[in-house]
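Here is what TrEMBL says about this protein:
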type	residues	note
ACT_SITE	B:Glu299	active site, proton acceptor
BINDING	B:180-189, B:213-215, B:Arg325, B:Gln336, B:393-397, B:422-424	FAD binding site
BINDING	B:Ser189, B:Ser235, B:Lys236, B:Tyr290, B:Asp297, B:Leu298, B:Glu299, B:Arg300, B:Ala420, B:Gly421	substrate binding site
DOMAIN	B:29-80	domain 'Acyl-CoA dehydrogenase/oxidase N-terminal'
DOMAIN	B:104-175	domain 'Acyl-CoA dehydrogenase/oxidase N-terminal'
DOMAIN	B:179-274	domain 'Acyl-CoA oxidase/dehydrogenase middle'
DOMAIN	B:286-434	domain 'Acyl-CoA dehydrogenase/oxidase C-terminal'
Amino acid sequence: MKIMVAVKRVVDYAVKIRSGVETSNVKMSMNPFCEIALEEALRIKESGRASEVVSVGPAQCADTLRTGLAKGADRAIHVEFPGTLYPLSVAKIFKALVDAEKPGLLLLGKQAIDDDCNRTGQMIAGLLKWPQGTFASKISVVLDEGNKVATVDREVDGGLETLSLDLPVITTDLRLNQPRYATLPNIMKAKSKVIKKLTLQDLNVEIRSDLEVVQVIEPPKRQAGVVLSSV
Amino acid sequence: MQKLFALTSSLSRRTRSSAAFSTSLLFDDTQKQFKESVAQFAEENIAPHAAEIDRSNYLPKDVNLWKLMGDFNLHGITAPAFKFFFVEMFFCICTSKLVMYAVKLYLTSLSATEEYGGLGLGYIYHCIAMEEISRASGSVGLSYGAHSNLCINQLVRNGTPAQKQKYLPKLISGEHVGALAMSEPNAGSDVVSMKCKADRAKGGYILNGNKMWCTNGPVAETLVVYAKTDMAAHSKGITAFIIEKDMPGFSTAQKLDKLGMRGSDTCELVFENCFVPDENVLGLEGKGVYVMMSGLDLERLVLAGGPLGIMQACLDVVLPYVKQREQFGRPIGEFQFIQGKVADMYTSLQSSRSYVYSVARDCDSGIVNPKDCAGVILCAAERATQVALQAIQCLGGNGYVNEYPTGRFLRDAKLYEIGAGTSEIRRMIIGRELFKEQ
């Protein structure tokens, strides 16, 4: 069974950004939730079948994909698009990719740390009409002949909800696993792994931007308190 | 609890790498990936223990750092494959087809060394690993360097296939620790005047004598030791031996209490009629000085990564501090004197780094120049001591307090001006070579 993992290249979480979000010289890396999704895919693979890493974005995403390959993914697909993409567009692209690659399981991070949308996974599930298990903190997959089922523990406001789903779209939460390091032998092996490049025309996807960013401002600085003489 | 662990480890990950400076000319993409990977590994697994290692003068008992580094494939970086030199030739005359072929050779050469567990890569990678580990903890870096370069690399370069098969797998996996001993209580810089004797006996040699300042001595299972098989022949009478910890007649004396590099166990070795069989001679009898001197060049190169890591660690501490510490209503980093110090620290680090990695690149191509190997560690070590002194100064009173790591950086950095040939010896080597070349 093929597992497809979506990864997003975002500003590294340890970097302090000033307002206006300059992304030119800033350290970029794989979204932490996507790392967790990739780790889960690799663990399932180590007791199952292939896993592939897909990312959507401009040319620089290649290093994020290389990191994914260095951690153990078999193949990478890079869909090139130079602008900013919002979740619905990304979801449409992934629908086209899933139709082409036919994976049995799709794993994503629950949200990206730059826009915190928390929408892409759910939208993909909607477009594909696949079941979804979001905010997963535990996943176990059964792959017998007549019985392909994923049991997902979800972290919800009321506690933990356990769902049993026919192979679905899963978005991963923080406590699912601890991502592995890319060790040097795997980094060397990744050099010869393939990154397939695709454009939106190849996938027959047309996207239009329904959202426009009007303004980005910092929250107002915290005012000093007022000392009262009595209450 | 799993929750806290996941949160705290993802928070502590790479909080310091934002201070790592871009060195785009020095490394290619793979090397950068490796550097980041080792930095993350060292930050998460070694750095948390660094202060306690220094305080207690012991490596942590609850975590086996040797095994961890072995699992991360850090020990056998330079264990080469017979195809390695072909690959280097192909890289030199690159076309895209040849590069693909070379990459395939490279990958198969990786598997050729997997019988020992090594990686078949070169000194650039080894220096990168040394730098990042030393950045997390100078002591662990020094012990790592002694194990992976002084011991493992010497076995790789001079050992017979049987010796390599016997000793390398456990050394590379981290199950066994390696060490090397050449200096004696009365033979430091004048190491060729060593008095440790190896008398010929039936089936081997009997060793008698002492060795001093042996890093990893107390814990090593496998040691490379130099002794004189022919006292009268001076330098031509030295032979290298592979010693095992359990050999009768071999023992270690008490651990040394050092100024810095505490936790990197160092001790005196004692040989009292220690029998070493013939098959444990490393290289040829009487040719030990060649093993020693050529090994010293590469040792100096790889150990030069240590002071680089310490300088980087100093900047990692100083830069956030001068931003956050305010005096006279402003962060002290806005004052020119502090900016001057920080600039000097930065340029010392970057220039030493360029020198070290350029020479590492040459050594990977087979060009080993003793002048430059001595030069890189001379340069990096002396700069590191100065950078550490400035780091303490930037932190002011806090720099003088042991709660901050700057004192440890200074004490650790100082070692590199002494070990692997003192700065004076290094100067002598370089000056003498330059004179000869005239």
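In case you wondered, yes, glycine gets a Cβ from its N, Cα and C as well.
A TrEMBL annotation is a machine prediction, not a hand-curated record.
Known features from TrEMBL, placed on the structure.
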{"residue": "B:Leu180", "record": "FAD binding site", "CB count, 10 Å": "29"}
{"residue": "B:Ser183", "record": "FAD binding site", "CB count, 10 Å": "19"}
{"residue": "B:Ser189", "record": "FAD binding site", "CB count, 10 Å": "13"}
{"residue": "B:Thr215", "record": "FAD binding site", "CB count, 10 Å": "26"}
{"residue": "B:Lys236", "record": "substrate binding site", "CB count, 10 Å": "15"}
{"residue": "B:Asp297", "record": "substrate binding site", "CB count, 10 Å": "19"}
{"residue": "B:Glu299", "record": "active site, proton acceptor", "CB count, 10 Å": "23"}
{"residue": "B:Gln393", "record": "FAD binding site", "CB count, 10 Å": "15"}
{"residue": "B:Ala420", "record": "substrate binding site", "CB count, 10 Å": "25"}
{"residue": "B:Ser423", "record": "FAD binding site", "CB count, 10 Å": "17"}
Residue distribution over DSSP helix, strand and coil in the domain 'Acyl-CoA dehydrogenase/oxidase N-terminal' (B:104-175): 58 helix, 0 strand, 14 coil
For B:Asn186 (FAD binding site), the number of other Cβ atoms found within 10 Å of its own Cβ: 11
Rounded to the nearest Å - Cα separation of B:Gly396 (FAD binding site) and B:Ala420 (substrate binding site): 32
Summary of DSSP states over the domain 'Acyl-CoA oxidase/dehydrogenase middle' (B:179-274), given as helix, strand and coil counts: 10 helix, 51 strand, 35 coil
Proximal to chain A - recorded positions among B:Leu180, B:Ser183, B:Asp297, B:Glu299, B:Gln393, B:Gly396, CB under 8 Å: none
Count of other CB atoms lying within 10 Å of the CB belonging to B:Gly396 (FAD binding site): 14
Recorded positions near B:Ala420 (substrate binding site), in sequence order, restricted to B:Asn186, B:Thr215, B:Glu299, B:Gln393 and a 10 Å Cα cut-off: B:Glu299
Using Cα positions only, nearest of the recorded positions to B:Gln393 (FAD binding site) (B:Lys236, B:Asp297, B:Glu299): B:Glu299
Candidates B:Leu180, B:Asn186, B:Thr215, B:Lys236, B:Ser423 (binding-site residues) - the one closest to B:Glu299 (active site, proton acceptor) by CA: B:Leu180
Inter-residue C-alpha distance, B:Thr215 (FAD binding site) and B:Asp297 (substrate binding site) (nearest angstrom): 18
